[in-house]
Amino acid sequence: MIGKLFRAVFGSKNDRELKRMGKLVRKINALEPEFEPLDDTQLKAKTAEFRERFNNGESLDQLLPEAFAAAREASKRAMGMRHFDVQLIGGITLHEGRIAEMKTGEGKTLVATLAAYLNGIPGKGVHIVTVNDYLARRDANWMRPVYEALGMTVGSIVSMQDPAEKREAYAADITYGTNNEYGFDYLRDNMALRKEDRMQRPLAYAVVDEVDSILIDEARTPLIISGAAEDSSVLYQAINKLIPSLKRQPEAPEGEEPTELGHFTIDEKMRSIELTEDGHQLVEELLIKNGLLGENDSLYHASNLSLLHHILSGLRAHHLYHKNVEYIVQNGQVVLIDEHTGRTMPGRRLSEGLHQAIEAKEGVAIQAESQTMASTTFQNYFRIYDKLAGMTGTADTEAFEFRQIYGLDVVVIPTNRPVARKDLNDLIFLSVEDKYDAIIEDVNEFRGKNAPVLVGTASVETSEEMSKRLTEAGIAHEVLNAKQHEREADIIAQAGRPGAVTIATNMAGRGTDIVLGGKWQAEIDKLENPTEEQIAAIKEDWKKRHEIVLEAGGLHIIGTERHESRRIDNQLRGRAGRQGDPGLSRFYLSLEDNLMRIFASDRMRAIMQTLGMEKGEAIEHRMVTNAIEKAQRKVEGRNFDYRKQLLEYDDVANDQRRVVYAQRNELLEADDIEEAIHGIREDVIAAQLESFVPPQSVEEQWDIKGLEQTLLNDYGVSVPLQQWLDEDSKMDEEGLRTKLTEVMDEIYARKCEAIGSAMRTLEKQLMLQVLDTLWKEHLQNMDALRQGINLRAYAQRNPKQEYKRESFTLFEEMLQNLKFDLTRVLFRVQPISEEQLAEMERRRQAEAAARKIQLQHEQVSGLEPEAGEAPSAGEPRSEQPYVRAGRKVGRNDPCPCGSGKKFKACHGKLG
C-alpha cells in the first residue's frame, strides 16, 4: 500500500529514469539545427573530432549529445530514417549498460546504431550480438550506410567463415555476429598456438539483441569445442532394443500406494525417470540374457554403472523426448528444436549420451561421443565484456534475474504510439478436442472479416495437428515451423494480408515484423528489374489491403496453449499491435495441455466443476487467467533457481579458466620464456630431490639409487649422484641440490646450443601444447567431479563447498603436472633437420584434419537436476575422468618408479 502511494506521488523507478533521460533527449534535439547544414565530409569528420576529444580526456557521457545528434543526421541522410525521441532514450539506455525493453516494431536495430557509434569512438571495437547468421548479415548490411556516413567500418561474423575474414571483421569499429560465433571464437583464440592466429580483440562493449533469448533461455547451454572420443554405438543400439520391455508405473495420488506396479516412474515436473525395484530386477535379467552383464555381476558394481546410465538415457529418450516436439529427424540426423524459439538447432547435441540414445531410438547413424577440449557458458562469456547492454521486446518479467546474474537493470521504453491491441482473457476448455473446435470456428469468423490470423503453437507436432484440422475444414493456410524454416521470410511477408491464416511455432518473427496488408517490399524484390510504374502499382495495391486489414481490427493472434514462460506468451502477443496498429490476442487452453496438466489442473478442474461446465463450453474469467500466470511464475522461479545453481558451479571453473587463458595469452605475447623455463626446471629438480632425499634427514634415509633411476627414466639424464657423495663426504642435501641443478642446467644448455635459436620457439610451443593437453584432461576431471558432487549432501556436506575445495585440489595438481610434463619433454627433445621438421609439420596437419574437431552448443537435457546440473540419487553417472595416455596413477597409489613411496610424496610432489 505504502509502495503504491510512493509511486503515485514520485512515480516508479522507471518513470524517474525516463524523466532523467528526457533531459538528454532535449539536448540532442537542440543540436539538430547545428548538424543539418554540415555536408557529408564535415559530418564524417565529426568522428575524428570526437576521438581526439575523447583521447584528450572528455568522457563518452560528455560526448553523448553530439554523437547521438551526428548518428541521427547520418541515419536521415543514408537511410531516410530519423530516430524518434523514444529511440534516443533506448540508445541512452544501451550506452549506460542496461537493457532496453522495446516493443515489436519500435526499431531496435536502428536504436543500436546510436550506442554502437558512441562506444565505437574509443576504437576498441563494439560487438552487436544477434540470434542467427541471417540477422547478423542483414543488420550489418542494413545499417552499414549509417556507420560509413560517420566514417566507421562495419564487419559481420557468421559460421563457416574464413579465419582471415573473421580477423578483418573483428578489426572493424562495429562488428555484427551471433552469440554462438562470438563464444566459439573466444574459445578458439584460447586454443591458438600463435598470437597472429587469434581473432578477437579484448572484449570492450556488446549490445545483445533479443537479450532475453541469449542471456536467459540460452544460459544453461554451454559452448563446447570437442574432439571425437570412443565409439559406443553398438551398446546404444543394444540398450535401445531392451527399452520397450520396460513398463511405466502409473502415478498414484499423493500419500497413496500405486495400484499397479511397473518398472519405472516418471516425474513430469522434474522431467526425471527412476527405476523401481521390479525395474532393477528386470533390467539385470535382460542385460544378462543379452550378454551385456555377467551371470554373477551386479548392476550396481562400480564397473557396471555405465550400463545403468545407458538404460536411464534410453528410457528418457523414449519417454521424455518426442519426435516433432523436442526434436525432428532431418537428413538422417536428430536435430533439436529450441523450446523457446521453435527453431532447429543444427550442431547442438544433448549431453551425457542422451543424444546418442535418441539416435538409436530413431534408427539413424549414432555419432560418437565427444571429448571436451574447451568450454564456457554464455553467462560467463558475456560477463567478460567491460560493458554489456541488451534490448528485447520482453525483458521486464525477467528483470530480477538480469539484475541478480548480470548486474543489468531493465528500462521499459515507451512506444512511439500507444498500443491499440486488445488482449482478451484466456478461454479454458475441458478437452483438447473442444479447444481445437473453438479455434477452427474463430479462425473462420476472423477470416470472414478479412482479418489476418496468426495461430501460435508450442511445438512442430501441434502446428502439424492444427494444419491437418484447418485443411479438413477447407481453410487455406501457411505453416511456419522448424521443418519449413527456409520459407520463413516469405511466409512472414504475406502473414499480414487480408484473411491470411498462418500457423507458426514460437519461431515466428524474432527480428521480423508482420506488416498489415503484407510487405510490399517483398513483392518488389521478386521482380527482376521493376519499373517505376510497377513499384507504384504495388504500393497502391498494398495501401488498399492495409486499409482493409485496419478496418477488420488488425492482426488476430490465437495462442493454442500457454508456454512455461510468460515472456514467450508476451512475444506471441507482441506480433500484433506494432507501431500503434490495432490487433487482438487470446489464448485457447484445455486441462489436457502440458502446463495445465502438470502445474494447474487440480485447481482449474475444481473451479470448472463448481461452475458446472459441460463438454464444448469454455470458461473465461480474469481469476482463471491469474491462476495460470501464477503457475507460470512458479515454473519461472524454478528455472531461475536452476540457472543460478549452474552459474554458481560454473563460476568455480570460470575462475580457473581465466587463470589458464591469462597464462596462455602471456605465453603467446612473450618472445622468450627462457627465464620461466629455468624457474620451472629448478622447481622440478627440487621436488624430485625432496622425494628421494627428505628434508632434515640422515644419509641412510636417502634413496640415491631411486633418484638416479628416475632422472634416467623420466628425463633421459644419467647423473652419478652416488659417485658425488662418495667423493665428497661432507656433501649435504643442499650441496647435492646445488650440484644437481648446475649439472641439469649444463645438460639443458648443451641441448639448446645443439638446436640453436629455434629452441626459444620450441619452448613456447611445447609449453602451450602441454598446457592445452592438461587443461583438456582437467575439464574432464571437473565434469566427472561435478556429476557426482550432489551425493555429498547425504554425508551432511555442502556439495558446493565440496566442489570448490576438490576442484581447487584438481587445479593445483594440473599446475604441478604442467611443470613435470614440460620439463620431461624439454629434456627428451632431440635436434632434427629442416627436412624432418617439414615432414613432422605435414603429418601434424593431416592428423589435425582427421581429428574432427567439433563445435557444439551442447544442450543440457532439460531443467531437471540429473541432466547436466545436479544428479539425483536414482541416476548414477557413467562419466569417468579423461584418462591420460599411459597408466593413470592415483595420488595415494604406490609410485611407479619403485621407490615404495606414495605417488603424491614421490613423483607427484612439487616443491
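Keep in mind that glycine also has a Cβ here, set from the backbone N, Cα and C atoms.
Here Swiss-Prot has Gln87, Gly105, Glu106, Gly107, Lys108, Thr109 binding ATP, and the candidate from Asp442, Asp490, Asp513 in that same listed site is Asp513. The binding-site residues examined here are Gln87, Thr109; by Cβ neighbour count within 10 Å, the least packed of them is Thr109. Summary of the ATP site environment: with the site residues Gln87, Gly105, Glu106, Gly107, Lys108, Thr109, Asp513 set aside, the chain residues having Cβ atoms within 8 Å of the Cβ mean position are Met102, Thr104, Leu110, Val111. DSSP gives Thr109 (ATP binding site) a helix state.
In the three-state DSSP scheme, Asp513 (ATP binding site) is classed as coil. Around the Cβ of Asp513 (ATP binding site), 18 further Cβ atoms fall within 10 Å across all displayed protein chains.
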